[in-house]
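In Swiss-Prot this protein carries:
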SIGNAL    1-26  signal peptide
BINDING   His94, Cys209, Cys212, His213  heme c 3 binding site
BINDING   Cys122, Cys125, Lys126  heme binding site
BINDING   Cys160, Cys163, His164, His301  heme c 2 binding site
BINDING   Glu215, Tyr216, Lys261, Gln263  Ca(2+) binding site
BINDING   Tyr216, His264  substrate binding site
BINDING   His275, Cys314, Cys317, His318  heme c 5 binding site
BINDING   Cys282, Cys285, His286, His393  heme c 4 binding site
Amino acid sequence: MTRIKINARRIFSLLIPFFFFTSVHAEQTAAPATPVTVEAKNKTFAPQHPDQYLSWKATSEQSERVDALAEDPRLVILWAGYPFSRDYNKPRGHAFAVTDVRETLRTGAPKNAEDGPLPMACWSCKSPDVARLIQKDGEDGYFHGKWARGGPEIVNNLGCADCHNTASPEFAKGKPELTLSRPYAARAMEAIGKPFEKAGRFDQQSMVCGQCHVEYYFDGKNKAVKFPWDDGMKVENMEQYYDKIAFSDWTNSLSKTPMLKAQHPEYETWTAGIHGKNNVTCIDCHMPKVQNAEGKLYTDHKIGNPFDNFAQTCANCHTQDKAALQKVVAERKQSINDLKIKVEDQLVHAHFEAKAALDAGATEAEMKPIQDDIRHAQWRWDLAIASHGIHMHAPEEGLRMLGTAMDKAADARTKLARLLATKGITHEIQIPDISTKEKAQQAIGLNMEQIKAEKQDFIKTVIPQWEEQARKNGLLSQ
């Protein structure tokens, strides 16, 4: 305490001349300081943070692409009419953030800045260039327009300035200086009573991850990113919020249901689980302190599976050995996956049965309660499985959400059976062969050969133009 008082007196003594000067020369008001431009080139910070930089760069080793649609073709039906039915890979290293959003079939094959299916907001979790553009153009300026408009500007992979105040003197000295670089994330945290500036160090460590590893939607004409937390963070709270504002991400092309697509709600599910409730942060498990060759501790930025650094992560709290904990996690994962598949089977049938009812002349009023059940069932299923780590973060909450999803899907199918009977249809509705991704995509009418050909042309012609322009503008490290 004495040390704090001495520092305070010293600072005050240094400020006295400043106060005196401004009182005498009040008319000479200083111009506001120009904000320091966000530096998006991650390599810039390698000299001050060499270990962190090299470990971040090592996320390029996490290069495997896992096709989730090939593993589970039911997803194609659930997302019929939405870009996810074309292409959905499981996540890989941060070093591929820009590459993957460019190359996914979901972003289409735009020919110019005004072309393509998706908005600028789809860049928002991919690069520190997003923070740079928001600072430069404001949020409205950044979000305005199509995704392709950002191609020549958003070129550096998710990195330093996404989570750190890289312009601060403290960061230059090797301190972390965490920050929320996305203003919409800061507002969302305030909405749940967690203003970043007042949060403790452990809360802040998870909040910076929660800028991206969250559920969000595109709000208003400008398609700005917003987190649906106004009514709370549980699946029912967000469902209520979306229903209240009559929001939908798309309409399923089979059942004509206005649907919700969950993104990657790790922050919400972590908060609901035992680790979140005990403030065991994302950093504790995914970015542990490790030693470099000289024995100096640093935060490992090769974000990955905690079991890969068991001694520095799990073993800090748990007395069980690695094999025992892996067995527990595997069992939880299997339980969640088993229920996930059962819910998906019910939803696949519900979408095709709803299509049959519509084809038989069912009215909008007759379909409304059924579509509400389908919407809510699939939303709860999606929020449970879109967080790939829910079996670790909150297995009980995952099973609970899937259980309520199963109930809602069953309600929809019961109502559909009654409605179909009134239309003279009492036989079972046949489901086409969806045993592979390709067959499922054919069943919903996707011309995948054309979609893939257009994408390959885009990759070969448009992306090189973006990169050339970025280099000319000094946005990429040479």
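Heads up, the Cβ atoms here are built off N, Cα and C, so glycines get one too.
Note that this is a predicted model, so its numbers are computed, not measured.
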Determine, for the heme c 3 site, the additional residues of the same chain whose CB lies within 8 Å of the mean position of the CB atoms of His94, Cys209, Cys212, His213; present them in sequence order.
Cys125, Leu158, Gly210, Gln211, Glu266, Ile303
If you measure from the CA of His286 (heme c 4 binding site) out to 10 Å, which binding-site residues from the list Cys209, His213, His301, Cys317, His318 are inside that radius?
His301
If you count Cβ atoms within 10 Å of each one, which of the binding-site residues Lys126, His213, His264, His275 comes out on top?
Lys126
Show, in sequence order, which residues other than His275, Cys314, Cys317, His318 on the same chain lie with their Cβ within 8 Å of the centre of the Cβ atoms of the heme c 5 site.
Val280, Cys285, Pro306, Thr313, Ala315, Asn316, Leu325
Taking the recorded heme c 2 site as Cys160, Cys163, His164, His301, identify the other residues of that chain whose CB atom sits within 8 Å of the mean position of the site's CB atoms, giving them in sequence order.
Phe45, His49, Gln52, Trp56, Gly159, Ala161, Asp162, Thr166, Pro176
What Cα-Cα separation, expressed in whole Å, is found between Cys212 (heme c 3 binding site) and Cys285 (heme c 4 binding site)?
17
Using DSSP with the three-state reduction, classify His264 (substrate binding site) as helix, strand or coil.
coil
Lowest local Cβ density (other Cβ within 10 Å) among binding-site residues: Cys282, Cys285:
Cys282
Spatially, and counting Cα to Cα, which of the binding-site residues is closest to Cys317 (heme c 5 binding site)? Options: Lys126, Glu215, Gln263, His264.
His264
